[in-house]
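Copied over from TrEMBL:
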COMPBIAS  17-32  compositional bias 'Basic and acidic residues'
DOMAIN    69-200  domain 'Heparan-alpha-glucosaminide N-acetyltransferase catalytic'
REGION    1-32  region 'Disordered'
TRANSMEM  75-94  transmembrane segment
TRANSMEM  106-127  transmembrane segment
TRANSMEM  176-200  transmembrane segment
TRANSMEM  221-241  transmembrane segment
TRANSMEM  325-346  transmembrane segment
TRANSMEM  358-378  transmembrane segment
TRANSMEM  384-408  transmembrane segment
TRANSMEM  429-448  transmembrane segment
TRANSMEM  468-494  transmembrane segment
């Protein structure tokens, strides 16, 4: 029988074809999967396979049946964690890895929507069959609250991590705490998408009717939920009046006033996304280093961060929440598209059928994204989570999961991606230790003579930067070998020991 806490949100499933009959181990047995049989078994059985969020552990199955993990999803999840570590810690050296300052899309801008897409795929698999709706709603609510709690702890301001290596004082001023963040956005999207999936369980078809669009009509309630989120976001974004606003920059002790008085603006100063967050959350509770500070209007160091220009407009000094309330409503669409990919996985048996459905939708989304962006109708913008950004990143997600599916399940090239699977199985742990810098921050707590002389800084300086005579290249190699490779090995060891962090 299966451990009822085994199968959690897409961040910790057993590899493809991996059956688990143990109550004590999360993973055990052989991983053998030929010609997509494991995916077919998932579609045939009522087992739960994890609902996938950034939480490294697995959700309680809603029916106690054998579980089949999806190696493709684990590898995708692991890739996303690796991308997060890379862009967070090497983006300062190579701006192309960092977030786009405003419009456009860089590597870092794909991380969040990749997570939300994985959330949707894994929810479809985990909630394939719900025995008791009341129990499922309780578990979904409880997991959402856990994600909100850990999100505030990790990104609310208490955990200083590597934000400042010499700042070893811990704590957070409740007047300045950040309420939103990565896990909080995942919690919201997970709650909405999983709740719709659970409450419509009795309306699901066992067999699809003929036609390419039957998969859409069969799960129309999920798409209706996504359309409502889309409509609310669009109406609010383009109709809400944005008045002038003022704020005090606590670091500078200086007051600024931003002139607006307009509707439907998508620039940094006067957009509805920022206005909603300022009014509901308060500007002091928003992210204090928004990507727009890299704009040429704000700093001469653009596209890198640097001191503000003397003539920088006031909004450059303001806080802005990239994981805010209105933009998170738009982000529900990323989870909705992800759950569609999960439904395709369940209902279609052959490789060609799945890939046809996945790639056709991915290409359509990418085309729509480029049309909206290059026609200047709705620019691609991660900070605002515009619809063109949703289409671009969801299309890219579809291409990536299709690519992994071809490599791992069609061609059988699983070994090269094992380290990604390992990280994907323990993604919550690696997210906290690596992406959030908790392990490095702990090591930095032990220093010699002064706080800037730590083991982490010594290794980065003497083993990488000095050896290559380049700060940028040394920093990049440090992230690849001292962080990503290290956490891949750590995840592999923990996998062999059957150790996973579960919420």
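A Cβ is built for glycine as well, from the same backbone N, Cα and C atoms used for every other residue.
Helix, strand and coil counts from DSSP across the domain 'Heparan-alpha-glucosaminide N-acetyltransferase catalytic' (69-200) read 84 helix, 3 strand, 45 coil. Two recorded stretches are said to be in contact when at least 3 C-beta pairs lie under 8 angstroms, sequence spacing 6 or more; the transmembrane segment (384-408) and the transmembrane segment (358-378) meet this definition. Counting Cβ pairs under 8 Å to the transmembrane segment (325-346), the top-ranked stretch among 75-94, 106-127, 358-378, 468-494 is 106-127.
For the transmembrane segment (358-378), same-chain residues at least 6 beyond its ends with a Cβ under 8 Å from one of its own Cβ atoms are 266, 337, 340-341, 344, 386-389, 391-392, 394-399, 401-402, 405. Cβ atoms under 8 Å from those of the transmembrane segment (468-494) belong to residues 78, 82, 85-86, 89-90, 92-94, 418-420, 422-423, 425-426, 429-430, 433-434, 440, 459-461, 500 of the same chain, restricted to positions at least 6 beyond its ends.
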